[in-house]
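A short write-up of the structure that comes next.
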Protein chains: 4
Amino acid sequence: MRFLDAGETHGKCLIGILEGFPANVKINIENINRLLELRQRGYGRGKRMEIEKDRAIILSGVRNSYTTGAPITIMIENKDYVNWQQYMDPISCDTEVKKVTIPRPGHADLPGCLKYGFDDARPVLERASARETAMRVAIGALCEELLRVFEIKLYNHVIEIGGVRIRKEYSFDDIGLFEKAQDSELFCIDREVENDMKKVIETAKKAGDSVGGVAEVICKNVPFGLGSHVHWDRKLDGLIAQAVMSIQSVKGVEIGMGFEAARRFGSEVHDEIFFDEQKGFYRKTNNAGGIEGGISNGMDIVIRAAFKPIPTLYKPLRSVDLQDLKEKEAAVERSDTCAVPAGSVVMRAAVAYVLANSLIERLSGDSLDVMVDNYKRLYKE
Amino acid sequence: MRFLDAGETHGKCLIGILEGFPANVKINIENINRLLELRQRGYGRGKRMEIEKDRAIILSGVRNSYTTGAPITIMIENKDYVNWQQYMDPISCDTEVKKVTIPRPGHADLPGCLKYGFDDARPVLERASARETAMRVAIGALCEELLRVFEIKLYNHVIEIGGVRIRKEYSFDDIGLFEKAQDSELFCIDREVENDMKKVIETAKKAGDSVGGVAEVICKNVPFGLGSHVHWDRKLDGLIAQAVMSIQSVKGVEIGMGFEAARRFGSEVHDEIFFDEQKGFYRKTNNAGGIEGGISNGMDIVIRAAFKPIPTLYKPLRSVDLQDLKEKEAAVERSDTCAVPAGSVVMRAAVAYVLANSLIERLSGDSLDVMVDNYKRLYKE
Amino acid sequence: MRFLDAGETHGKCLIGILEGFPANVKINIENINRLLELRQRGYGRGKRMEIEKDRAIILSGVRNSYTTGAPITIMIENKDYVNWQQYMDPISCDTEVKKVTIPRPGHADLPGCLKYGFDDARPVLERASARETAMRVAIGALCEELLRVFEIKLYNHVIEIGGVRIRKEYSFDDIGLFEKAQDSELFCIDREVENDMKKVIETAKKAGDSVGGVAEVICKNVPFGLGSHVHWDRKLDGLIAQAVMSIQSVKGVEIGMGFEAARRFGSEVHDEIFFDEQKGFYRKTNNAGGIEGGISNGMDIVIRAAFKPIPTLYKPLRSVDLQDLKEKEAAVERSDTCAVPAGSVVMRAAVAYVLANSLIERLSGDSLDVMVDNYKRLYKE
Amino acid sequence: MRFLDAGETHGKCLIGILEGFPANVKINIENINRLLELRQRGYGRGKRMEIEKDRAIILSGVRNSYTTGAPITIMIENKDYVNWQQYMDPISCDTEVKKVTIPRPGHADLPGCLKYGFDDARPVLERASARETAMRVAIGALCEELLRVFEIKLYNHVIEIGGVRIRKEYSFDDIGLFEKAQDSELFCIDREVENDMKKVIETAKKAGDSVGGVAEVICKNVPFGLGSHVHWDRKLDGLIAQAVMSIQSVKGVEIGMGFEAARRFGSEVHDEIFFDEQKGFYRKTNNAGGIEGGISNGMDIVIRAAFKPIPTLYKPLRSVDLQDLKEKEAAVERSDTCAVPAGSVVMRAAVAYVLANSLIERLSGDSLDVMVDNYKRLYKE
């Protein structure tokens, strides 16, 4: 599989094309819309979220809710475009009014202008904006439609915001909590901690500041054998790391025990191997986070990412005007105070794509029937 | 650029082919050998390092020390192969004697066997072994030959082992220390800390255990504009994350402030922008670690990775025999106690490849003269 | 660069995303529409062409007619969709009425059904249809906007239909004729021959049959140095061959003298090399068709393709019903009698994409200014 | 799958790495050597063929004659290197003596020098030389080891040299003839025609000239469903066209009826569809050459390629000296008079790679057992 996505934050729409998706998979558009809706939620979001209620529109590759093997196109309209067409129209528009000449620290503004030779960050920020992640979520949601057939489930939750962190680690035994987390305002399993997280967000908001955090994605029922140890660029952990690190604001990725594993002895880290007639090979611990040697080992895949605070501050940092090279305050674009909950959904979608792609490679991917058949023989016999 | 690498840990040799490297770059083979030698050093290494003194042999793509634009082949011979040919010969050998049927927790052994349908982990571990990283180092060293022309320099150092961490952060102002670090046994800038690290390693060794750590790579003089914000899979941080996470034992990657950024307010994280006639745009801080919006911003690129302890323990963990499915102690292959210093060199090489590749994309890459010319116009005029 | 395209022949629209196009290129949407219109013309086209007047709608990546470096999305609406939505709607529709169970010989119908496990060729033919080529033309037209800046021009003409062939070879000295050809009904330079071609088409049409032909694309001012000899998959002729052979109905591709070169002595084939202060290196003949060793040599690139007759015949061939496996007459879908003129436009677009992509690799492609600058230094100094 | 190959014609060796080949495939090295030997045969070859007796040396990815899933490295030594090391050594050599400053028309010499900024064609011709195709043959032969398990067989034969052409078309009913063809000096099925071909070659040789021809590859038992109609770059015919056109000297590729199809009516071209309990769907004709809509249809895949005469003439053409820009006679490198028989072997290997790759995609490709199992269910039940 492969996909390309396109679209500007104030453009007409976001578009994604996913090529290589198997035929005969039933798509429930409401599942996609639900994940899009999750992305838009979260305490600490700005006004934009009230304007846009993202809905996926499928334009190709699906007929009567079943995929055909042809490339799938998804479109998400930008409701805000009516207010922006005069400044963003592809053919003819006014490019002076909405100029952004004072780049925001922490954003693509300055390096983007330098790279492409612009003196206006508008064309950079329009594409660099996290608005693009709505399409990544839609693509990932489509992938989850496939994964669900194989009972592979993904959950995202927020484990830390502004230094406030959940008080224990959760596993899939806590499954009910995960479901509940998605009804919380911050996707946090622990409501008490969530309250403290809100307070940090509130503090940041009042100060015109922003705040980051850590999100976790847990993937249940991933079969062993995805990815491969034979070449570096086929390792599942590497593929996941790229997908997650490329999400706006992510500055760190870890799998399983992650950085903590660097502080321990091997005997405390590696998950001993057991066998049971019913379960096959299994582990009693999952410090590896479901991946050994670049290959899924059948345990839950556990990924965490660090999100830096959003770079747009209402109380702006110092910057330089590209026009006169004088020191000025950075531009202020409408923005959120904390995007970690949304980020956790994007992260989940990014991982879903990698898993679906690896599953197709493993089971061959012309049509779902063949995949299911291959799955049964490989894993159930 | 692209490369494929091949070879088993007890096979005849490691081989790598690098395609797309520009013509007319002068290659000093001793620089490559020096990096190979760095990879082999480090307190806590096992006996293998005494057997192998890795030397790169160039087989194609270079003539009279200048690249020709043709694919470059590097070979590193495995000195140990004479002892192993009878068990590893491609055409005919004894595959019974060296069977490994008790997979080691934390290694590719078990998922590799399950994926490929083996009842012997030998063919898995032969390829999954970190021996493969010698070739990745050679490829990266070749890339450094190109980067050096543009004064881009990479340093690797070890900042934490088994919980013992350096006491402050170092920047490139500490440049002399970096150079010196590479003469240390653990590539640690702080000799006092290094002594404590050695003690941890010694403790682990005596216990038949292993120990992990954290390494850092700093890249100096990376020009702005590498990578791009326009598509997720062109983001420089994502590409670096994949390259680093795919290194054996790595369980976490962070860039700049990394996970710490998740705990701070935006005003504490984002690097304010300044301008100076001489320096152009610059920052006084570098929390972003040189990358904003997936694009290099001209500051030092700073990457850290968490290495888990080596999975082969002399005091083995519990596992299951693939032959009779009974519980047994895991296999013991000759191994090191701590591979973090070596890992730091591999990490540097992995990053060098990504940077060289991005530089070629940015400057076009048929021949060095054209690259240098493009560089001057883009960055010096 | 890379692109994905999507859409069904009776679906809502065709969509294409082109990623990696340089910033700051001026796009004239009318140039794209003109090429789309050329594709729809041609004596021997069926009724569909009267329904659809294709217009490219740009949805992203362009602002005020200048590209931004972001992925460019083009949409072409299918006017016919209003009549088909009840049978083609992605979410809910009637899939019984428009079933195609008797595959047409020569079409993807049967192998497509077998591959994807369908008992209805509808989902296959919807995507396999040459309607898809409208998007390839739009993508190619976009590429021509870039090529035009470097004075690279492409012309397509038809040189043979149903065995009727032009009476001499034409070169770019015949440039006026090429321009004129595009006003002809069959894109044939020789009006007398064109009349004979029409007669063949008329004969085929009356017989409920179809007819094929040969088209040629000539590319003027292609600079030397596109493609490379160093690896098979970077050779320009190979890339062109794939792009052209993948066009619906193409069964043969040749470059320069093509198959005729197989019948000659080397001394009759190879183009001697000359040098002139003004022109630089040049040739007096162009049997190589502008490519030697997989690299453009500065002469016109000349490509010809053989188009088989359209597989849909109004007087159908024998086939088998997928439902009862009985022999029946093949399905009849609305179709043209001769699609070679349209095919020549698609071929031109396919080649334009390959050339633009190679040019970007050669000159680096972040923004047009840098490309122009690099071009001047490489070719004009 | 993917592969990179490397090596110069007078360098130490040729090297290829094939990544993604399934595990557990039995490799008979003699089959590879036999195809290498076939490539070296052929009336009209020059002296080089007597020096080199190519033998494949496997360096990785295979153990005790079974593949392990790891990247496979093949090396072919250049026996002639002992005579050339002083001019070709990667580290230190004399680059003056073997300078080639008068480019040969029809060769990569001139465009290669212009592209890479060389004033000496030596580094270009060393890589552009058809010597490289020995490695492509080895890679293809490896792929045939996999294809053979599925009873997919490829044959290559020469159907035309210098205008002398076989007198009828041959199909796989003529299978014995194909086998015999490979014992002929020109791989021509018809011995009388072969004699005439030899005469043309003799004539060319005496005149210091060279001569081209047409070769054909027929692939038996290719299962339906390889390739796909859903995206242009997944079409099997396009992939084959690239692979074949990228072979040195090829100027044209056609599939099935090829260019002749352009001259016929649809009713004469398309292969009617029949069904039989035993055979399943079948055709009585195979004008499509086994591919419809970019997908294999279960019939024999038939590909023809036009090879231009070798560009190196002993009676050289006019050219220009790169040093003084004066008109001179082109350089003479040791060369053959006719390379079409060798070319037919390379073509076969190029096609074998494409088919093996497509088969792996269709059946999934971790290990042979799974592939065989999938094959049975898809094709035998």
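Just so it is clear, glycine is given a Cβ too, placed from its N, Cα and C backbone atoms.
For the FMN site that TrEMBL gives as C:R127, C:A128, C:S129, C:Q248, C:S249, C:G293, C:K308, C:P309, C:I310, C:P311, C:T312, the extra residue drawn from C:R165, C:R167, C:R334, C:R348 is C:R334. Those binding-site residues from C:R39, C:R127, C:S129, C:K308, C:I310 lying by chain D, with Cβ under 8 Å from one of its Cβ atoms, are C:R127, C:K308, C:I310. The full span of the recorded FMN binding residues, C:R127, C:A128, C:S129, C:Q248, C:S249, C:G293, C:K308, C:P309, C:I310, C:P311, C:T312, C:R334, taken as their largest Cα to Cα distance, is 44 Å.
Fewest other C-beta atoms within 10 angstroms, among the binding-site residues C:S129, C:S249, C:T312, are seen around C:S129. Residue pair C:I310 (FMN binding site) / C:R39 (NADP(+) binding site) shows a Cα separation of 16 Å. Sequence-distant neighbours of C:R127 (FMN binding site) (same chain, six or more apart, CB under 8 Å from its CB) are C:E8, C:T9, listed in sequence order. In this structure, the C-alpha atom of C:S249 (FMN binding site) lies 15 angstrom from that of C:R39 (NADP(+) binding site). Annotated pair C:T312 (FMN binding site) and C:R39 (NADP(+) binding site), C-alpha to C-alpha distance, rounded: 19 Å. Among the binding-site residues C:R127, C:K308, C:I310, C:T312, the ones whose Cβ sits under 8 Å from a Cβ of chain A are, in sequence order, C:R127.
Of all the Cβ atoms in the protein chains shown, 31 others lie within 10 Å of the Cβ of C:K308 (FMN binding site). Neighbours of C:I310 (FMN binding site), defined as other CB atoms within 10 A of its CB across all chains, total 29. On the backbone, the CA of C:K308 (FMN binding site) and the CA of C:R39 (NADP(+) binding site) stand 17 Å apart. Following the DSSP three-state reduction, the secondary structure of C:S129 (FMN binding site) is coil.
C:S129 (FMN binding site) sits 14 Å from C:R39 (NADP(+) binding site), counting Cα to Cα.
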